[in-house]
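Step one of this worksheet: look at the structure below.
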Amino acid sequence: MTDQLLDAAEFRTTVRAFANREIHPGAAFRDETREFPAELVKRLGEQDLMGISVPEEFGGLGLSTKTQLIAIEEVARTDAALASIYTAHYLGLEPILVGGTEEQKCRWLPRLASGELLAGFALTEPDAGSDIASMRTTARREDDGWHLSGSKTYISNAKEADLVVLFAKTDPSAGFRGITAFVLPRNTPGVSYSEPQDKLGIRSAPTYTVYLDDVVLPHDAVVGTEGRGGNIALTALNRARIDVAAMANGIALRAWELGRSYAAERKQFGHPIAEFQAIQLLLGACDAQLVASRVTADWAADVKDAGADLRRAASVSKYVATEACFSIVDQTVQIHGGAGFMRESEIERLYRDCRILRIFEGTSQIQLLTIASNAPSPRSTDF
Ligand SMILES: Cc1cc2nc3c(=O)[nH]c(=O)nc-3n(C[C@H](O)[C@H](O)[C@H](O)COP(=O)(O)OP(=O)(O)OC[C@H]3O[C@@H](n4cnc5c(N)ncnc54)[C@H](O)[C@@H]3O)c2cc1C
């Protein structure tokens, strides 16, 4: 094994041991109670997992995106809800990393990368989901700062995060080019939150509607420059979509493990069901889908780290992994028979948890549209 592979294997073993020991045992309870796992979020920071691919000059570990994917996979394998909080943190720090000024990077990234601060990302509005240019939240420049009014919805970590990067229109007539990104610290006067939204899955990862009632932010709260927010949002989303692919791969890996062990234990017609070819075909298909998804995510991670255009690779990785995850979890429920439909079974939770993956950070349809519009020319050899 090369040093790199050895390091990756060691890293996975370390994170898996931590996740098995500290995350997995309480996951079902947190799903039941919808309790935000504040202590575990702190532990992720203590394990040096909150800024894995953030450059060392900004306080991160400066490791590859592939390494970050390993950590996300392992967290998702034990608790998809915690993985959602975790990936929302990475999504929240990305706008500062890709669009912030040097001063903003130095000010915020080291504390985010160490886990001292938790981040969030507030783009979606009640009437602006896939179509971000139609957002209605506005920010008006006054002498005392920017005045923000409007609302955001489905925002992960909104109330728990120490800062949220929030997008608003600074020039409502300019569509996509009129969007600006702002750093919104917690407890800023004028910000209020709904109750945590009641959800099908990832129930201990809270989302909120956020209300902005003439919120005043300093002039230097603008991430980068005015009018670049749309671009920053899409760049951050592209980068973070690979993290969602890793989250899908972690859930799918756990489903496959559960399917294999259930098939080995469950006997019908005098045999473990694992001996029936029909079950072997399901497990074989799950394995093949998972291998393909992981290879695809690693490819997208390499494209990102090479600094190449990420739009197609990020969307391919998210689409492939999240669709595969849903299929793998569904087939694993099938392997469990009636037991897989019961609240007490882990696969039932995974079935609910994985449904969100095909919706957030761009639905599967939006990924396909992105892939289609960024496909290489048929004459290109870059396929
Ligand atoms: C649990 C959860 C957590 C979330 N966390 C965050 C967060 O932290 N920050 C944040 O900003 N947002 C967050 N979101 C919002 C999420 O990103 C959006 O829900 C998602 O982008 C889809 O937007 P929408 O719900 O408005 O659906 P819509 O955009 O209204 O789409 C509805 C349907 O129409 C389809 N559709 C839309 N446009 C097209 C088109 N042009 N062509 C074909 N089909 C189309 C979609 O694929 C979908 O099937 C979260 C959502 C959930 C549920």
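Note: Cβ is positioned from N, Cα and C throughout, glycine not excepted.
Copied over from TrEMBL:
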DOMAIN    9-116  domain 'Acyl-CoA dehydrogenase/oxidase N-terminal'
DOMAIN    120-215  domain 'Acyl-CoA oxidase/dehydrogenase middle'
DOMAIN    227-374  domain 'Acyl-CoA dehydrogenase/oxidase C-terminal'
Helix-strand-coil residue split for the domain 'Acyl-CoA dehydrogenase/oxidase C-terminal' (227-374), DSSP-based: 123 helix, 4 strand, 21 coil
Helix, strand and coil counts within the domain 'Acyl-CoA dehydrogenase/oxidase N-terminal' (9-116) (DSSP): 83 helix, 0 strand, 25 coil
